[in-house]
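Trainee: Annotations per Swiss-Prot:
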| type | residues | note |
| --- | --- | --- |
| SIGNAL | 1-19 | signal peptide |
| TOPO_DOM | 20-151 | topological domain 'Extracellular' |
| CARBOHYD | ASN21 | N-linked glycosylation site |
| CARBOHYD | ASN36 | N-linked glycosylation site |
| CARBOHYD | ASN68 | N-linked glycosylation site |
| CARBOHYD | ASN80 | N-linked glycosylation site |
| CARBOHYD | ASN86 | N-linked glycosylation site |
| CARBOHYD | ASN104 | N-linked glycosylation site |
| CARBOHYD | ASN124 | N-linked glycosylation site |
| TOPO_DOM | 175-802 | topological domain 'Cytoplasmic' |
| MOD_RES | SER211 | phosphoserine |
| MOD_RES | SER213 | phosphoserine |
| BINDING | ASP410, CYS442, SER443, ALA444, GLY445, VAL446, GLY447, ARG448, GLN486 | substrate binding site |
| DOMAIN | 533-791 | domain 'Tyrosine-protein phosphatase 2' |
| MOD_RES | TYR798 | phosphotyrosine |
Amino acid sequence: MDSWFILVLLGSGLICVSANNATTVAPSVGITRLINSSTAEPVKEEAKTSNPTSSLTSLSVAPTFSPNITLGPTYLTTVNSSDSDNGTTRTASTNSIGITISPNGTWLPDNQFTDARTEPWEGNSSTAATTPETFPPSGNSDSKDRRDETPIIAVMVALSSLLVIVFIIIVLYMLRFKKYKQAGSHSNSFRLSNGRTEDVEPQSVPLLARSPSTNRKYPPLPVDKLEEEINRRMADDNKLFREEFNALPACPIQATCEAASKEENKEKNRYVNILPYDHSRVHLTPVEGVPDSDYINASFINGYQEKNKFIAAQGPKEETVNDFWRMIWEQNTATIVMVTNLKERKECKCAQYWPDQGCWTYGNIRVSVEDVTVLVDYTVRKFCIQQVGDMTNRKPQRLITQFHFTSWPDFGVPFTPIGMLKFLKKVKACNPQYAGAIVVHCSAGVGRTGTFVVIDAMLDMMHTERKVDVYGFVSRIRAQRCQMVQTDMQYVFIYQALLEHYLYGDTELEVTSLETHLQKIYNKIPGTSNNGLEEEFKKLTSIKIQNDKMRTGNLPANMKKNRVLQIIPYEFNRVIIPVKRGEENTDYVNASFIDGYRQKDSYIASQGPLLHTIEDFWRMIWEWKSCSIVMLTELEERGQEKCAQYWPSDGLVSYGDITVELKKEEECESYTVRDLLVTNTRENKSRQIRQFHFHGWPEVGIPSDGKGMISIIAAVQKQQQQSGNHPITVHCSAGAGRTGTFCALSTVLERVKAEGILDVFQTVKSLRLQRPHMVQTLEQYEFCYKVVQEYIDAFSDYANFK
């Protein structure tokens, strides 16, 4: 029996005894006295009216109920008092005795108190005997005195009872709190995230422990406190975030993994320490004659307000691909979310469980590829699956969509949550309402998988309750699958994604709504002097430039290679060129890789070469096989050099091992096209490079219309299709303002053509995270919107969107 239950019984007993003693009055009283003497002899009790209590050592009040009733162990207690006659000091003594009440109301001690304990006296005698005495009923004066004492004793007993009750309550609270912290007990009800309780049979499964909404160290956060709290917890190298993550329970319940641990199933597990719990694992339909064929390393996971919204699974192994597709079919899944690459750091993370093209049969499931769309952060594959077997009773086909997030780095987490939020939005929009659980997997099915699940749930909670409970939700889903959200970096990334969504929201637009949006953002915002467009750009300029992540560009040897000291590439995406033999610090050029719509590193955003960096510029072009150069500045503007001429006006010119020859020059309406033959004399190889020199950008401001920009973007994309999708080198003077505007427009227009959707704000925001000051002015930002609107108006295919 639990200790707290024993305390309840004990306390109840004490209260009952105390209550009985305090509320009964008898006509006759038996008094027991301790006598300080070497021999115990009877002594007459003398009536002391002046101080009746001084002569009483123990007072027992007889109950009024029927005579000849035996009370069961009762405690007689003697209290210290001084005898005014003989100066003896009486010491407290407690004895367990049985007492019989005689018909005349006198006390008849059983066995003459033979079990009474003796204790040393505090008086002068060397030895002391404790001798209980029985006194006959005294006269009326004694009875009156004792009646006067009864209310005092009743008050004392009542106070003692109250103290006992308070003590028991405190002990029970402490025991209960301790049990909650240990979180090891079973529960007979399942606490859903929306507050409903679903009853289950006792002892059937270990269920989720409830997380109290109050009295918790990491309670839910209101969204308006999110930014402040994240900044506080990220201080001192994420110290508080690490503490919060480490406080998460590894498993809030006592769960078993018996099925996963069977010898027949061990080979089906990718990692020996990542096993599904028995109570939440996905059960496959057993295959006749195949033992333990109901097992797969996958677990049901709750969403915010939806039970078993997800199935968290490990990345299939070669020997479990058939089981994976069997699970997809049996669970009526329509959406698969993959958050790993097939190989990372040369290690297999997941078997390819789909054909590249055509169809393939996995067990009794035929999978055919219907469509593949490759984007910068993820790939979307559409499969048609069908159960095969009895050809006379063919099952209907089903459409399965796989969303494969490809931007998760081998180490850590994505440097920005923008891509993950776009990915998640696409998953939410495409999963049919009728479908079964969404299958989410990475390699182990816990780290990145858990991160995706938590972001999804917390975005739902944010919209519904205007608060988030990351700690509580991670704790709950860890009771369904171990180690969900595996690292503190993933835990911080969840908060960053939530903050990103809270601060900037969903800024995607259908092309049909662009005109209305433009009218709206030109209106003044109440309470401010800015319109909506100015507020958008203000948010962009508030993005912190990470000067501490520009180490190489700030080295003394490289400072002279920078045209503008405020625009230096970040370390994580700077373009690296081969080091010259015997020369240090020769791998630097002021240029950054920039992601496009469909692929990473689509562009190289570079400053206009200085005279002493032309060789480095061409070494970069050669090393990264760039076949298209976009120049957005004149060599000189307003009497200042903006870019050194890095190509010959005619003939050829050498820059170190690189020679450049002008083969052809053609003037177009707003730009010049130059075909250059570039040769690496050391490698004895040549390449054709095409330069697009845009003349439509005035020295001050922006182009008068977007026609020229639309034209040059189309020409560059055509060149890319012919020469291969190597990076497009884009430069102006500093490689930020006009360069960023070109990259933004090229990316936005490509998405408009593919999806009919645009997001100018997030596109520019992403550029600024990759290189400082991309799209440098409000005019340039506004120009992006105007060019997109012109593009939609100019092309009939997109004019139909209206």
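Cβ coordinates are placed from backbone N, Cα and C, and glycine is handled just like the others.
In the displayed structure, how are the listed features positioned relative to their neighbours?
Mentor: DSSP assigns SER443 (substrate binding site) to coil in the three-state reduction, outside any helix or strand.
On the 0 to 100 pLDDT scale, the model's mean across the domain 'Tyrosine-protein phosphatase 2' (533-791) is 96.
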Trainee: Would you pick out, from the binding-site residues SER443, GLN486, the residue whose Cβ has the largest number of other Cβ atoms within 10 Å?
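Mentor: Compared across SER443, GLN486, the most Cβ atoms within 10 Å surround SER443.
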Trainee: Please find, for ASP410, CYS442, SER443, ALA444, GLY445, VAL446, GLY447, ARG448, GLN486 as listed binding substrate, the greatest distance between any two Cα atoms, in Å.
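Mentor: If we measure all Cα pairs in ASP410, CYS442, SER443, ALA444, GLY445, VAL446, GLY447, ARG448, GLN486, the largest is 16 Å.
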Trainee: Take the Cβ of GLY445 (substrate binding site) and count every other Cβ within 10 Å, whichever protein chain it belongs to.
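Mentor: Looking across every protein chain shown, the total is 30.
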Trainee: Cβ distance under 8 Å to GLY447 (substrate binding site), same chain, sequence separation 6 or more: which residues?
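Mentor: Spatial neighbours, sequence-distant, of GLY447 (substrate binding site): GLN483, VAL485, GLN486, THR487, GLN490.
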Trainee: Around ASP410 (substrate binding site), how many other CB atoms lie within 10 A of its CB?
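Mentor: Other Cβ atoms found within 10 Å: 11.
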